[in-house]
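Summarising the annotation, Swiss-Prot assigns active site, thioimidate intermediate to Cys309 and lists sequence analysis as the type of evidence. Among the features that Swiss-Prot reports, active site, proton acceptor is placed at Arg406, with the record citing sequence analysis. Per Swiss-Prot, the feature NAD(+) binding site maps to Asp252, Gly302, Val303, Gly304; the stated evidence is sequence analysis. The annotation K(+) binding site is assigned in Swiss-Prot to Gly304, Gly306, Cys309, Glu472, Ser473, His474. Residues or ranges marked as IMP binding site in Swiss-Prot: Ser307, Asp342, Gly343, Gly344, Gly365, Asn366, Tyr389, Arg390, Gly391, Met392, Gly393, Glu418. Feature annotation from Swiss-Prot assigns domain 'CBS 1' to 96-154. As annotated by Swiss-Prot, domain 'CBS 2' applies to 158-218, with the evidence given as sequence analysis.
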Amino acid sequence: MVEVEKKIKEGLTFDDVLLVPQYSEVLPHEVDVSTYLTKRIKLNIPIVSAAMDTVTEARLAIALAREGGIGIIHRNLPIKKQAEEVEKVKKSESGMIINPVTVKPDTRVKEALDIMAKYKISGVPVVDEERKLIGILTNRDLRFIKPEDYSKPVSEFMTKENLITAPEGITLDEAEEIFRKYKIEKLPIVDKEGKIKGLITIKDIVKRKKYPNACKDELGRLRVGAAVGTGEETLDRVAALVEAGVDVIVVDTAHGHSKRVLETVEKIKANFPEVDVIAGNVATAEGTKALIEAGADAVKVGVGPGSICTTRIVAGVGVPQLTAIMEAASAAREYDIPIIADGGIRYSGDIVKALAAGASAVMLGNLLAGTEEAPGETIYYQGRAYKVYRGMGSLGAMSSRLSSDRYGQEKMEKFVPEGIEGRVPYKGKLADVVYQLVGGLRSGMGYVGARNIKELQEKAKFVRITWAGYRESHVHDVQITREAPNYWVD
């Protein structure tokens, strides 16, 4: 028995440790919280939303990208629907829309209105067969139409005289001057032949100023990721997502250190070398190394730490999250590949600990599921608002069969769930939640004396605490009369 005990490693999680405060010359508002999701994708805040059907669809992904993070669209959707969610994010705003939605002059008004409603846009350029700009149709043109006008062509209503356009190569600052001078809302970009090449809107100029920290690609579009599995339709799903403009693919499984996942990563990288791939989940250095050597551009770490996950209890498998992060980081460091801490984050202080332990970013589910933008249903219980939150290993999530392969159960007639369905308190706007989380991160970095996340990882010193130390860390010997937005007790 003594020999067995010597072989058993100790596993620690966030509540087992604290960061030691150190000499600091940096204030919280001075720290740089930017990081890299992969070598090519920079985030302005180290927050990624979980690919869960009660957490991330287009609305939340847009809100998070505007704050500087990135959302991962869940895969519990048909391929076409998931691609549409990605497309909504990519088309939500742009420095310049490279391939703007257009209509032909003979397009019916009803069809044009449907297109505008689908993409939540207030107007569309009208082009001929050669894509030469011949007019523009906006809400103002359609403001006083009657029901009998729905079947008429847009050419009867579009603005075609004195169109204001701009040449290729125009800067956003120059475009802003044109908007101001002519008091227009949309500026088509055309080449020397008059063919449409892009579109700049006043809304994008306004959003650029309103969300200066937004996470955007080189074309000024918000970044977004999407999850895929390991099933037979995976490459078809990836193809549709890439066509929609996805920035990163996440091979999302419960056990990333497996033959099927490794082969899937290799296939995606071979067929779509232009897209970055994140793979997971793993909890060991060996699993991390295997995924990196298969071609993963980042590795997702976490087996069973999530609030709605029962893997550790049902299967008896897992590694406490802090130890898992440290082990994975030690392996990833040799390849200069980022890792993402997925699960177990309850407070902003846990984010600081996860990053200090070696993660480049954290993936959040529970902390974001209660936001207004999350797709979970809003319910009321005893006079208080909640939002539905469920694990992707829950019976409800797996019943669609689209996510059951995450737990290797896609061919089973009766599922063995590794997650539960529950509710979390409604928290309001995502921006307010993220503000508190990033504020806590900034404070933690200030205490450690770290100007950026790299310095945090270099300077971090952990101290292990006892149960008494943990109890002392929380509010004690008092009744809370006014709750804080960044602290709660179970």
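Every residue gets a Cβ built from N, Cα and C, even glycine.
In the structure shown, across all protein chains, Gly302 is the one of the binding-site residues Gly302, Gly304, Gly306 with the greatest number of other Cβ atoms within 10 Å. With Gly343 (IMP binding site) as the anchor, the candidate binding-site residues are Gly302, Val303, Ser473, His474, and the one with the nearest CA is Gly302.
Ranking the binding-site residues Gly343, Gly365, Gly391, Gly393 by the number of CB atoms within 10 A of their own CB puts Gly391 at the top. Put plainly, the binding-site residues Ser307, Ser473 were compared by Cβ crowding within 10 Å, and the winner is Ser307. Taking the C-alpha atom of Gly391 (IMP binding site) as reference, the shortest distance to any of the recorded positions Val303, Cys309, Glu472, His474 belongs to Cys309. Cβ packing within 10 Å was compared across the binding-site residues Asp252, Glu472, and the lowest neighbour count falls to Glu472.
Between the listed recorded positions, namely Val303, Cys309, the fewest other CB atoms within 10 angstroms of a CB are found at Cys309. Mean pLDDT across the domain 'CBS 2' (158-218) comes to 91 in this model.
In three-state terms derived from DSSP, Gly343 (IMP binding site) belongs to neither a helical nor a strand segment and is classed as coil. Largest Cα-Cα distance over the residues recorded as binding IMP, namely Ser307, Asp342, Gly343, Gly344, Gly365, Asn366, Tyr389, Arg390, Gly391, Met392, Gly393, Glu418, equals 16 Å. Working note on the binding-site residues Tyr389, His474: by count of other C-beta atoms within 10 Å of each C-beta, Tyr389 ranks first. Annotated NAD(+) site Asp252, Gly302, Val303, Gly304; additional same-chain residues within 8 Å of its Cβ mean position, judged by their own Cβ, are Ala254, Gly280, Asn281, Val282, Ala283, Lys300, Val301, Pro305, Gly306, Cys309, Thr311, Gly318, Asp342, Gly343.
Counting only the Cα atoms, the space from Gly365 (IMP binding site) to Asp252 (NAD(+) binding site) is about 14 angstrom. Per DSSP, the domain 'CBS 2' (158-218) is made up of 20 helix, 16 strand, 25 coil.
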